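J.: Pasting in a structure now, in structure tokens, and then I'll have a few things to ask.
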Amino acid sequence: DFLCISLVNGFAQLRYNLGDKTVILQTLQKVHASGNTTWHSLKAGRVGNEGYLDLDGINVTQKASPGMNALDTHTDFFVGGGPLVNNLFTVHKTCVENEPTSFTGCIREIVINNRELKLTATDPKGGANVGDCDGTVCGYTVCKNSGTCQVENSGFSCSCPQEWTGTTCEQSIYCSQNMCGSHALCIPQPFSFSYTCVCALGWSGKYCDSKIKFYIAKFVGNSYIKYTDPFYGKRDLQYSRISLNFTTNQTDGLIVWMGKSEDEDNDFLAIGIANGTLKVVINLGERIAVPLMHSKYFTCCDGRWHFVTVVQNQTCIKVYFDEELILFEDIDPQRKYTALNYGGICYFGGFEIGKKVNIVTTGLFQKGFMGKIKDVVLFQDSRKIQLMKAEGYNIYDGN
């Protein structure tokens, strides 16, 4: 299996093979190598086995056909060239049309599955013969928020759009005179020419200057708690378990996500509400997660407290709702993956500020949780999680 982007006779080309056949897409227009500093925007990828290739806004799509739809690659990711053996590329001959040669030019802002790669001298795993493309102190990300960079004798300066200020245009003008305390984030509100303070866990008030304690966590939709399991290294990940009490009157929301939430390869166990029904999703490594839903239970959004427990015994999943077993399913009788490698991370209610629930969960859940959570227990622990000691924002005392 492979996915490869290359230049062929002036055209950009995407080739991928999911195990059965090589699909080839080529842009309609050429990339003109005139030696000037014109940057081109290239977007390429696939949904199942349907591919797309977009150069500067002109799209080419390969419609899906019967066949394989998973890209099974567990190798390093190469940019600008391939792995070298005796100065020859070791890529398969179907990856490129002609004899493989290295790329000459500039590359910036590579985003894979919504995560940007850091193209610095220190962040990549390795490389050779790569230099600074810009050649000045101005790089494309030096000035934030569409600011323009100018080279100065003393370094550089940024010319900022009217709604941004600061040496690198990093601060909204609406937050430049903010009164948020040290335990808060300032979130600009351009429509009201103002700002709001988003409080860190354990703080409350308009400016987040009032310390609070809670045993019941109240979530308001753009809230989250990120808990790091101190016993993760000692867990038997083939036999996971989580239980908690929750109450809500909303018909959609992510209650808990056991997993790192970084990319599609991460294992996870998720509990939430979708269309008024309890929804449990677990992924032990197959990339394709099968949601478990029980249409009978529309009572989970009635504003009352409900108790939910999810037990993973290798590939067998049990879900209890108010002490009643409502789901019992073997998600993979072949036992290919049997452990929940969740990285010791549990999110409650949502994800970090700036991360959207529907994007991180790839549409499994649409938005953050609005309601209350209490009495969270992991595995067979005798003590409840102390949510107060985690990290998070916008959490209120739900008592």
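Using N, Cα and C of the backbone, Cβ positions are placed for all residues, glycine too.
Sharing the record's features from TrEMBL:
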type: DOMAIN; residues: 1-133; note: domain 'Laminin G'
type: DISULFID; residues: Cys106-Cys133; note: disulfide bond
type: DOMAIN; residues: 134-170; note: domain 'EGF-like'
type: DISULFID; residues: Cys160-Cys169; note: disulfide bond
type: DOMAIN; residues: 171-209; note: domain 'EGF-like'
type: DISULFID; residues: Cys180-Cys197; note: disulfide bond
type: DISULFID; residues: Cys199-Cys208; note: disulfide bond
type: DOMAIN; residues: 214-399; note: domain 'Laminin G'
J.: Give the nonlocal contacts of the domain 'EGF-like' (171-209) in its own chain as ranges (CB under 8 Å, at least six residues past its ends).
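T.: For the domain 'EGF-like' (171-209), the sequence-distant neighbours (Cβ-Cβ under 8 Å, at least 6 residues beyond its ends) are 162-165, 222, 225, 353, 388, 390-397.
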J.: List nothing but the one residue from Cys133, Cys160, Cys180, Cys208 whose Cβ has the fewest other Cβ atoms within 10 Å; the candidates are the disulfide-bonded residues.
T.: Cys133
J.: Express the distance between the Cα positions of Cys180 (disulfide bond) and Cys199 (disulfide bond) as a whole number of Å.
T.: 9
J.: Which one, from the disulfide-bonded residues Cys106, Cys169, Cys197, Cys199, has the smallest tally of other C-beta atoms lying within 10 Å of its C-beta?
T.: Cys106
J.: Taking the Cα of Cys197 (disulfide bond) as the centre, which of the disulfide-bonded residues listed as Cys106, Cys133, Cys160, Cys208 lie within 10 Å of it?
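T.: Cys208, listed in sequence order.
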J.: Go through the disulfide-bonded residues Cys106, Cys133, Cys160, Cys169 and tell me which ones have a CA within 10 A of the CA of Cys208 (disulfide bond).
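T.: For Cys208 (disulfide bond), the disulfide-bonded residues whose Cα atoms are within 10 Å come to none.
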J.: How does the domain 'Laminin G' (1-133) divide up by DSSP, counting helix, then strand, then coil residues?
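T.: The counts are 0 helix, 48 strand, 85 coil.
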J.: Given Cys106 (disulfide bond) and Cys169 (disulfide bond), what distance in Å do their CA atoms have, once rounded to a whole number?
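T.: Here the two Cα atoms lie 25 Å apart.
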J.: How far is it from Cys160 (disulfide bond) to Cys133 (disulfide bond), counting Cα to Cα, in Å?
T.: 23
